[in-house]
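Asks: Not my notes, these are from Swiss-Prot:
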type	residues	note
BINDING	ALA75, THR76, ASN155, GLN183, SER203, ALA204, HIS205, THR243	pyridoxal 5'-phosphate binding site
MOD_RES	LYS206	N6-(pyridoxal phosphate)lysine
BINDING	CYS328	[2Fe-2S] cluster binding site
ACT_SITE	CYS328	active site, cysteine persulfide intermediate
Amino acid sequence: MKLPIYLDYSATTPVDPRVAQKMCECLTMEGNFGNPASRSHVFGWKAEEAVENARRQVAELVNADPREIVWTSGATESDNLAIKGVAHFNASKGKHIITSKIEHKAVLDTTRQLEREGFEVTYLEPGEDGLITPAMVAAALREDTILVSVMHVNNEIGTVNDIAAIGELTRSRGVLYHVDAAQSTGKVAIDLERMKVDLMSFSAHKTYGPKGIGALYVRRKPRVRLEAQMHGGGHERGMRSGTLATHQIVGMGEAFRIAREEMAAESRRIAGLSHRFHEQVSTLEEVYLNGSATARVPHNLNLSFNYVEGESLIMSLRDLAVSSGSACTSASLEPSYVLRALGRNDELAHSSIRFTFGRFTTEEEVDYAARKVCEAVGKLRELSPLWDMYKDGVDLSKIEWQAH
């Protein structure tokens, strides 16, 4: 077993060696290095063939038509293209958008920008379980609503929204529905032939592919129209200009092919590891699971260790790569906005750690990690006067603290 142990698979995944091999074949003079847009010679034709094969592989994972897959630089760009693209194209029909308070920042910062441009955005509060229900969406719909953006799997707490049910509702009301699915590919089955989802964002690097490449699913029937956010050359049917990065696209295709073939077995294995880890750390007192216990992906365990500072705990777990909050916001010392939206108090939100397991996690690593967590929490609580008071039966919620 090698240290440190990587348990932050929701931040990024290592590239699968099979993916890396395919990517290396598209870089050098001996490989498939051509520009897919070069129509006048065999180098371009071969590159285009590789790109279209990858487009098919991405489409197959989610049961879509390959023509509905648009290459982007990642899920952040896909979210921007979907939300701004729909908002700008449909601004004459209405200027109201619905999303949730626990979306990824790529969605929330995009809707904030649209608010500055004169759009109105409703931010739905999740339940304590971290779920956004169709009823919540229905209550917020208005005559001038043009778009709903509610994610599939939450990046911090791993909860899984019922996007099929939300899609039924939005389609019946003639409102477009965008889903950020960066965290769900390879973890949850997605069938876009059956689901009434209009736009869906994907990322390669959350699914053992390379960073810097993603895709946006844009439904053809009924047809979804977008305003491009990137201009120059008219690539990707005018929706996203820029020379296609063959090696990254081929990597994403191969990663999604592997995900499709191995998803069921991998999820079963990871569910076992996650359960094993949770059972061991649950021998500690005052450990809380954040988010629904049932509607969640097995890969994610977001736990709060009461009376322990999350940042101190991370410092104590030097041999474990884990995070507090998502990688995109964990540099800020504010408690997680996702946990606060769930109604967690600041103390519990501050004491949360996200453990995320993946393809290369082993039982030995999980046992070692659980042991280290139990030791670290025990030591930190020994130093905590609040823990002593709790053990003495003091109700800390009733104490009025004096400001100095």
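Using N, Cα and C of the backbone, Cβ positions are placed for all residues, glycine too.
Show me how these features fit into the structure around them.
Replies: Secondary structure from DSSP puts THR76 (pyridoxal 5'-phosphate binding site) in a helix.
Around LYS206 (N6-(pyridoxal phosphate)lysine), a 10 Å sphere centred on its CB holds 27 further CB atoms from the protein chains shown.
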Asks: Could you tell me which three-state DSSP class HIS205 (pyridoxal 5'-phosphate binding site) falls into?
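Replies: Where HIS205 (pyridoxal 5'-phosphate binding site) sits, the three-state DSSP reduction gives coil.
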Asks: Just how many other Cβ atoms lie inside 10 Å of the Cβ on THR76 (pyridoxal 5'-phosphate binding site)?
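Replies: For THR76 (pyridoxal 5'-phosphate binding site), the 10 Å Cβ neighbour count is 21.
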Asks: Taking the Cβ of each of the binding-site residues and counting other Cβ atoms inside 10 Å, which one has the highest number: ALA75, ALA204?
Replies: ALA204
Asks: For the C-alpha pair, I'd like the distance in angstrom between GLN183 (pyridoxal 5'-phosphate binding site) and LYS206 (N6-(pyridoxal phosphate)lysine), rounded off.
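Replies: The separation of the Cα atoms works out to 6 Å.
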Asks: Fewest other Cβ atoms within 10 Å: which of the binding-site residues ASN155, GLN183, SER203, THR243 wins that one? Let me know.
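Replies: Each of the binding-site residues ASN155, GLN183, SER203, THR243 was scored by Cβ atoms within 10 Å; lowest is THR243.
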